[in-house]
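S.K.: The following feature annotations were taken from Swiss-Prot:
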ACT_SITE  180  active site, proton acceptor
BINDING   115, 116, 117, 118, 163  ATP binding site
COMPBIAS  491-527  compositional bias 'Low complexity'
COMPBIAS  604-622  compositional bias 'Basic residues'
DOMAIN    35-291  domain 'Protein kinase'
REGION    1-30  region 'Disordered'
REGION    316-336  region 'Disordered'
REGION    418-439  region 'Disordered'
REGION    482-559  region 'Disordered'
REGION    594-622  region 'Disordered'
């Protein structure tokens, strides 16, 4: 900032054009060494970058200019601007953007500083301009960035906003350098910073806790590596910062990470994105074999779509043409696009899986729970093939996708076989499911909520990822099946479940025939007139039928708890409604004995009217 102190009095007038101006300057610095041209190289929130020229060295430079009124608009903006200049003035490294001079122009009311010029702009724009880049080149960029981070961290500096937009490229040299240190924090005797600031897509989870260290730059570097390899902005599948925040704090990586087919690249990026306690330093990452110049990094196609990509992918592609030719001489039929994603409910130890089938307008989203303790991937995959009429995928292939998602959500999960022979005590051997199961109030239950108390709205059912567009028929108990009796003499109201055993059994049979673990039957199936349909096999008798019925049961603990809670609430409500609730409320507090007799008749009439209102309200709730 010595340059700023040099500016004052008449010396500032030299900031106008000096000499004969054959270079076409718009203005010059106070010393006349640097001249600004009219060409704009970039524009940020606080500053504009112009092309400039250093007459002393005969090289082009970047002229950064900010209007003082804009800088002084907020104290934070002023602090960030001066912090960037002061840091750049103190840092000297071949991976950090070089700083030359700074000053204030009083009459123009601008703050100016000169940095080295990068001919190819930012790394992000450079990468978009040239989509095909070898892994060898990406590894060279990564080594330069890590060396710059190691230099900053050794001096107690956290960048806090490292991203490809803040990394600059000299394309003719293949050289990258770290810039834009406006958000950098200097740890002066403190091991952690305590402010939440940066770009959400590149912010480490611990930054939201407002207590972090230099490891946040390593996390951001991992996201930069992901963008360099995939040419895709991290968390581009999210629509707003709130969704990004939820994913980051939940430890969910961007979808682009799972589209990496290079196992070594995925391993290297994964090291950068682990939790802060296990995250390596920049110096440690420099020793990773992935960055070794001796490695043969000649792969141009880093990104490839696998047949069964790990979730949470929104789409998946079929096998490549080369794999199909090796598998069989005849061209293989196109497989159904399928992706399986999951969401872990840690509170209830339950996993909800989402199956996305097809693409475009024909996409189908199906949600169902997976009980880690009782379900197996192979059983669920077999049921999916039968229920969803998947003819071009093997159950083993789908089971591998399911198991891969379960392992991602529950790292310690190990696949096992479950015997349904031990479950005879839970299911009726006659084949009749528990009637209370169909009264489940859990909104996430795939079968209980379909056949339980509900509305006939065709808008769909809420799933773990939002609304499921199931505009198809499903079973429910209408409100008329719950009756309310009113006794005028006793002024009591009672609620009773007036569903007969025979009608309940018929409804259960209809529900069992039209829905399963994977959701309700399709509309086309309901029009077949009772016959079998493409998505469901014919009914089988004996042990196999009982086994299939047991498989379709939702074994999720959340459903069991919601069922018990629902039954407890119904029983408690039935008990309380047998008492004179309205009258009891009226009798609370002091009551004049002399007025009791005169108001008994009117009070009794009022209680009858109130009781009718309360009963109607309970009827509406159920």
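Numbers run from 1 along the shown chain.
Glycine residues also receive a Cβ, built from the backbone N, Cα and C atoms like all the rest.
These figures come from a predicted structure and were not determined experimentally.
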S.K.: Check the DSSP secondary structure of the residue listed as 'active site, proton acceptor', expressed as helix, strand or coil.
M.R.: coil
S.K.: What three-state class does DSSP give residue 163 (ATP binding site)?
M.R.: coil
S.K.: Given the binding-site residues 116, 117, 163, which one's Cβ is surrounded by the fewest other Cβ atoms within 10 Å?
M.R.: 116
S.K.: Cα-Cα, whole number of Å: residue 115 (ATP binding site) versus the residue listed as 'active site, proton acceptor'?
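M.R.: Their Cα atoms are separated by 11 Å.
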S.K.: Residue 180 (active site, proton acceptor) has how many other Cβ neighbours within 10 Å of its own Cβ?
M.R.: 20
S.K.: May I ask which residues of the same chain, at least 6 positions away in sequence, place their Cβ under 8 angstroms from the Cβ of residue 118 (ATP binding site)?
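M.R.: Looking at Cβ-Cβ distances below 8 Å from residue 118 (ATP binding site), excluding near sequence neighbours, one finds 62, 97, 168, 169, 170, 177.
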S.K.: Tell me the coarse DSSP state (helix, strand, coil) of residue 118 (ATP binding site).
M.R.: coil
